[in-house]
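Per Swiss-Prot, compositional bias 'Low complexity' is recorded for 42-51. Annotation source Swiss-Prot lists compositional bias 'Basic and acidic residues' at 739-751. Per Swiss-Prot, the feature disulfide bond maps to 332-657, 414-428, 457-473, 583-600, 587-612, 710-878, 947-975, 1285-1329, 1300-1310, 1362-1373, 1428-1438, 1478-1539 (among others); the stated evidence is experimental evidence. Positions annotated as domain 'Sushi 3' by Swiss-Prot: 1345-1412. The N-linked glycosylation site annotation in Swiss-Prot covers 390, 402, 429, 601, 619, 725, 825, 1026, 1226, 1323, 1465, 1519 (among others). Here Swiss-Prot flags 23-99, 733-754 as region 'Disordered'. The region 'Metalloprotease' annotation in Swiss-Prot covers 272-583. For 1-22, the entry in Swiss-Prot reads signal peptide, with the evidence type sequence analysis.
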């Protein structure tokens, strides 16, 4: 349960809500309940925040724990050096390019020969949060390639998750011109926005390597040889900041270097220290400091140039980003910080804390909620409990006289919107809620109609089902509403949510811990506390809620102590056992730890229990059978008062830490917060040492002043603030979940990319039983956020934590507007977002004060967690703030003139030193006249080593030393090796070892990527060679479990559903639609077959998911059986699945009283559709077979080498001479006796093939293999076969055909000929198969040319040169349509006549055409009366024959011509003889109705409609009836019929029928059976996996058969364009 923690700019540590809130449920859709009016919102159809809207509304939400330090640390700015000791001159600022991501990519135009065989790229950059994926930082492209856009190399940012807006990382991709496919390597973690990063990529012809801040984070050996040949040099182009496909990067680039050699890691680290400043070396091809960008770089066509800025990128050398552990939330969970509070008693000096008891009275000041005796007794107990821990409490009692509040039931934990929702909610089941509005009562059916509106509150009708007696029980004129009003929508109801009470009282939570009283339902909840990392911790909505029945009562006083423990950051002592999500939860506590469980290493693991002693074993303890020395007497346990009596030292340290981190306002003392960590030594000379230190723990840089914004100001006088007021036009959810107020304050979503109730979503307000609303184009839905302090902004940060799967990163946020004080709205346009990296936007040249923003989205499920606005430097709001000062204390003391200096920055250089002397340094924070406690001390021996000097001092606990103070580069700032890194040498060179392709001894058992699946010595693992499964189709084929499992797959627990991407690596029953499968128990199974039957020692099952569902605590089990060669089954029992125990190894225990048996298959069965299995192995004894051993006869012995019985012989047997062609042999002896060994190494261009018993074990390109002589035979048969390059294809030479008479193995040659119309350019048309298995670079090319374009009918060629042959690919020819013809597809208003065709990459021209101009059909009243010479096309003549009398009447001929502009030259008239009216239409089909307001005369129209308003009128073919319309038929809709001049109705009413119309739920991700037909566009694609937005079909209703009415019927869907594999079985 790790929070979303960021290191934003200089580092952002998150703070968020506590554990326990449920994640957002899957949205269901049912008919809405009737009879309940909508809850009143803050305005018509709007949803507003809890505060009144206005720029100076209530105080803003507090900053996160850690203050502004954790909120944002601005880009490292070089500080003014301290006057004392700052002898070095600050280096001048360097230049950096800023790319906004909108077409500023640059192209290298300098005449440089780009590296062909090896290269190194080095760049300093600072990427913005939110990028188009992929975002190209720089890359080498081939502008001549027609077939491959990925030739060359690219360094950039892209997402590696199946979800295309999750987990963005730095990447390095490469594809040489000889390679068949591209290779991409990725950084080890998501990139950090706003941080300066030193990125390097190298390729030496054999290995690709990616470095981040000097650490090698990825490597690959897939690409080999040169990148491109000299022949294609002119085709290569170097791009910066994007690609020609607009994969543009957003952020800064500084110090760009390109080398034509692969630099070593040591050289890269050295380059990092010099910040990219190199002396001129012959290997250095390009070094850019952006002094003259236009000299070497040019923008793309129609593009612009990036901005050039001055950058002070590398000022402070100390990385102050302190991460909490995986299970922690804030700085106080950081192991280094909490260690200081544990070790230093000065950090636990006495603290006085104010708290306020809120006591409600009647108006006459009688009948208090709690008595004064209760208050005093509880206060005494509280003081006694905390006295020994240096925490004392100052009591303030607030007496509120308000009968309306006093007489109401205050509910502690009931969501009032659930009252009367037809589900019994135990937390709302109370007599004064009408037992959850009647939901928790079995109701009879009284004579409600008789009692309705009888002027009496009838309690047997006072339930939601009867509209609470028609409202009479909430009428204060009729009844005592404090006892009878249960309607949650009535203002007179008898109960209040405790948050409603808090909103009424509006008590400041920043000066006191507020204590409220509320009752719970039958659950009898004793108390509820606000965590210190909650947004509400310092607001009026924070505080503690206690049950007044227990408060201050003997035997129950420890409840308040327990809840105060929560408010001060303490978890339950049983958190690591009983409050984990599953037994695979990384926070499960197996031993006391600062990083798991309750984050205290002096509380042993314990389950939840109430006994005063160690608990017994339970069913929910994840395999724990017993617990000893549990902290049952701890205040944070659930034992009774007579048992609990203490906190542990670690808990006391946490409480003191949170009092410094969050709750300084609760304390009367003005003492500033301390610096929680010891100063760090950053460098030394012969006569000086340089120290830097961390900010104070509360993150403040300025003295706090009442009414000022100084607590929001950072170094550089930059103000950072979160939104304080939120609103949206969307309606509001009564529960507050997903409402705008959730986007106020700091980010608090724990698991980004998963739906969370702690966010705003456009869909928030919708009743979960109805269909979600859409956010219509072009504007969509929007959220408006206002900030307390209007300011001129420098940047904006937005946390978008969830985006629907049907939206990519570029479409979800379609606009952001800045709301200026002047009234102007500034649009920032659409933005690319990641769900796990915040969006950061640099605000250029705004130049005026901004007070708010509007965020627009087209995604109704999008979720926004928070927004943060950062000012420009030296903002007026911070100019008057007084900075905190620092005092450095030394032992031995500093000279008086030095000791008296107060430092404004966090750096100090001591020049008063003696070689070999021991010095200790402390730092004290000074605010006004108050001083903090001294920081922990750092001990420094002048002239000796320290963390950061490049030498590992193991006696000081150092594990590595890379000469810097940066986290995330393998060696932490405290010189400790980071997880999954290995560091070597001095100074340390660190590399991410998991997945680097090298199997090292320390990772043999842990790294599947590098070492494969670990097999213990003496055993042999066989992976499945075939498989059959119970449920499969093309989405989840069973064959994927054949062979070893994919190394890249990590086991996942607590999933909601399984994405289609999993089926590429693991099998799961995807044909079952979860959770509907839970309606009936289903058994799923797979059967794995093995090529070599063996005596099983164990069965191994590799998992990708362990079957646990997000909303359920139940663990899944599997049943495993062995199948022997006689098809008999041997049960291995039931086994619990857990990602913590993956792979699952099931030992096979043989009954020694029975004969051994050979197993040939394994059957695995389970009941959860969320189990995904990636591999099954059969483990047996290596070189030992008990079945064969038992069959040996007299005179025979078992041969392990042969694995068979052989005749026993005492004489020594030599092996035959070992002869391997194309190999070199290195034998341990010239003799070939038993035990002799020979090492076989294949020559260059040959590959080892190793066989045993004529079966190929493996083929490897590795250097050698060792064979051993065993009992007269070599234990392996080895051959060296030439590598095979396979037949060349278009990747080698485009537009060519190949001939390989010599074959395709090493050394052979193939020739190629150019296919017409391509022409050979060059002389040598031969390719050679090289030793690396790839073809050599071609020395000639086939240049594609187009012949003269063919004539286009009805068009004239306009380009004269196009009449000749030899046109290059990409060239154009222009045509113009002849009069009366136009280009197809052009609009009716402006019919285009000119068009171009292009010479394409296959040597042909794009097709062009000219189609005749057409006129609209004549009016329908003339239908059937006219004849046309050529339809309605240009020059066609249409005629109606009239009698001669028309001409005599001067009407002229009834003839019209279609003109070239698509209009008729005239119009028809009704002939004189055409008189009368149509007959009354009476032959109507059932349900059809005609309305003829103008009668039945010629030209009159009748509107068609259906008696059933849900039906539509259509025309059906004669042979089709309404009852048998096939789903693929899409009949024409009819809105009206007309009486023609021939006195006939058109269309004829007898052909018109009424059919069921389409429900308005198309495209809503639910497959509605009624809409699953062509007439309704197959429900907008909702019924096919390939077309539904969520890629998972959800039927509605859920009983709808996925093989019947809700089947995929759309003939255009992908499912019907490929072979259906359903039912196909491997086995």
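Glycine too: its Cβ is placed from the backbone N, Cα and C atoms.
The model shown is predicted, which means the values in this text are computed figures rather than measured ones.
Long-range Cβ contacts of residue 390 (N-linked glycosylation site) within its own chain (separation 6+, distance under 8 Å): 348, 349, 350, 351, 652, 656.
Here the C-alpha separation of residue 473 (disulfide bond) and residue 825 (N-linked glycosylation site) works out to 50 Å.
In the three-state DSSP reading, residue 1285 (disulfide bond) counts as coil. Cβ neighbours of residue 1539 (disulfide bond) (same chain, under 8 Å, six or more residues apart in sequence): 1421, 1477, 1478, 1496, 1497, 1498, 1499, 1500, 1501, 1502, 1545, 1546. Distance from the CA of residue 583 (disulfide bond) to the CA of residue 1026 (N-linked glycosylation site) is 32 Å. Ranking the disulfide-bonded residues 457, 947, 1373 by the distance of their Cα atoms from the Cα of residue 583 (disulfide bond) places 947 first. There are 11 other CB atoms within 10 A of the CB of residue 1226 (N-linked glycosylation site), with all protein chains counted. Looking only at Cα atoms, residue 600 (disulfide bond) sits nearest to 612 among the recorded positions 612, 825, 1285.
Taking the C-alpha atom of residue 878 (disulfide bond) as reference, the shortest distance to any of the recorded positions 428, 975, 1310, 1465 belongs to 975. In the structure shown, across all protein chains, 428 is the one of the disulfide-bonded residues 428, 1285, 1300 with the greatest number of other Cβ atoms within 10 Å. Every protein chain shown contributes to the tally, and the Cβ of residue 1465 (N-linked glycosylation site) ends up with 11 other Cβ atoms within 10 Å. When other Cβ atoms within 10 Å of the Cβ of residue 1438 (disulfide bond) are tallied across all protein chains shown, the result is 23.
Checked against residue 457 (disulfide bond) by C-alpha proximity, the recorded positions 332, 402, 657, 825, 975 yield 402 as the nearest.
Residue 414 (disulfide bond) has 657 as its nearest neighbour among the recorded positions 601, 657, 1465, going by CA to CA distance. Across the structure, residue 587 (disulfide bond) and residue 1519 (N-linked glycosylation site) are spaced 68 Å apart at their Cα atoms. Long-range Cβ neighbours of residue 947 (disulfide bond) (same chain, at least 6 residues apart, Cβ-Cβ under 8 Å): 680, 681, 953, 956, 958, 961, 973, 974, 975. Once Cβ contacts within 10 Å are tallied over all protein chains shown, the disulfide-bonded residues 583, 1362 are led by 583. Residue pair residue 657 (disulfide bond) / residue 1329 (disulfide bond) shows a Cα separation of 68 Å.
Taking H, G and I as helix, E and B as strand and the rest as coil, DSSP gives the domain 'Sushi 3' (1345-1412) the counts 4 helix, 24 strand, 40 coil.
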